[in-house]
C-alpha cells in the first residue's frame, strides 16, 4: 500500500486489521500486517510516503499482485505529485501485472475530490493494459475499505497465474 505522506495508509491498514481507528505517526520505514477477507489472505505492506523515502518503494514491488494506492482527496495541491508517483510505480517492470486499487480517501471532508475527479487527475483512463478501480473511502470510519478489498480479492482470484520464464 503506497501513497503520499499523510494520505491515510496506516490508518487504513489498522482499520482493516483491528477494526478500529488508531492514532498514527508518520511512517518511517514500513508496517506489515496480514488481513484476511473472503478467504483471501492479504499481506499488506504499508510503506512510508515521505518524499525522501519514496525511492525505496521499488524494493517492495517484487511479487506484488495488487497495489493499493491511497489518495488524500482533500489535498488538491499535491494531486499532480501523487499522479507522478503512481505512474512511476506502475511503469516499473515488477508491477506490470499488478492490479491497481485506488482509495480516494478522506471523503468525509467537505469539498474533497470525488472519485471521478481523482480518476481524471490521476489520468487512469490512459492505463489501457491495467485493471484498476477507484473507491471513495474514509479511513477513520471504514467507509469503502471492505468494498475495495472485495474488488481486490475477486480480481486477484481471477488473475491468470504467472508462468515461470523458460
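Cβ atoms here come from the backbone N, Cα and C positions, even for glycine.
TrEMBL lists 3, 4, 5, 6, 7, 8, 9, 10, 105, 106, 107, 108 as binding GTP, and of 49, 63, 148 the one it places in that same site is 49. The maximal spread of the GTP binding site, taken as the longest Cα to Cα distance among 3, 4, 5, 6, 7, 8, 9, 10, 49, 105, 106, 107, 108, is 22 Å.
Rounded to a whole value, the Cα-Cα separation of residue 7 (GTP binding site) and residue 27 (Mg(2+) binding site) is 11 Å.
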